[in-house]
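Enquirer: Below is the structure I would like to discuss, written out as structure tokens.
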């Protein structure tokens, strides 16, 4: 793909995201979401592989359906209340339709089936965009409309997402699919607390984006897509494999790494809201995803395959790891000491 085309698509993504997160009117928010969808499609299908074309088609169909539902929800609300303002969503039917639309946009269970397939058909850097930047506009819309939405429905969808994200990622061998189910599981943690403390949801999203960026960029540096090839990467870049181990454990939410911070604060908030049962359930369900993070970490650093692999074991490459990966790796593992200042922010 030509650099000029990449620049145009990147600018369009930035423009669409900015329009959506800064708008007060539903039509402007919808237009931003559409710009985003159209800008990411060429980046998904740029390899012209049948799987990439299939991924782009699935992405287009699901996002078009979700955008139509956003428009339908806002028009229904405007019909009954005369309000096009995003924060004035009060009609119950509109709230229900919007919850479905945003869940479809995000890949939140039970509307999650498209996400692993699309991520599997995309290049790693495009997968990073799909897992982080493309989720920011819908999360913003959820943030603005959260007081109007049904709390019980959101909690049920969040617990279902965490359960399915952990359960369906257990027997995967493709790293991109494992990271897709990881994303679905993390979305459950974000959505369960949005009705009670929306700023915690945003904090969780920012830290999730940070840790996911570290993992995707590390995998892109060592050009690894499957568990079988991940097992031999320690010979190429031992230091990067060690940082990948820490980033994966941070994504799993183990103390004393950064990923423990949002989980800790969310469990604390749920307990304050007399939702100890939900906190216990989501904590236990996150142990499912801990298993495949540990398996990834084990493959990345500790083992060589016990059988003969059908690819050559490569020696260390001379290409230096980018500074961005180094900075992201440090922040995705060492931010837990800032936790005392979080209450002053949120």
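Here the Cβ of each residue, glycine as well, is placed from N, Cα and C on the backbone.
Since we're looking at a predicted model, the values are computed, not measured.
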Enquirer: Identify the transmembrane segment range according to TrEMBL, selecting from 203-225, 295-317.
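Expert: My reading of TrEMBL: the transmembrane segment range is 203-225.
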Enquirer: Suppose you had to name the range TrEMBL annotates as transmembrane segment; which of 35-55, 56-76 would you pick?
Expert: 56-76
Enquirer: Looking at 237-255, 256-274, which stretch does TrEMBL describe as transmembrane segment?
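Expert: Residues 237-255 are the ones TrEMBL records as transmembrane segment.
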Enquirer: Please identify the stretch among 56-76, 96-115, 178-197, 237-255, 322-342 with the greatest number of Cβ pairs below 8 Å relative to the transmembrane segment (275-294).
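Expert: Maximum Cβ contact count belongs to 178-197.
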Enquirer: With CB pairs under 8 Å as the measure, which of the listed stretches 96-115, 178-197, 322-342 comes out on top against the transmembrane segment (237-255)?
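Expert: Stretch with maximum Cβ contacts: 322-342.
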Enquirer: Any contact between the transmembrane segment (152-171) and the transmembrane segment (56-76)? By contact I mean 3+ C-beta pairs closer than 8 Å, pairs at least 6 apart along the chain.
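Expert: Answer no, regions not in contact.
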Enquirer: Let me know the model's mean pLDDT on the domain 'NADH dehydrogenase subunit 2 C-terminal' (290-342).
Expert: 74
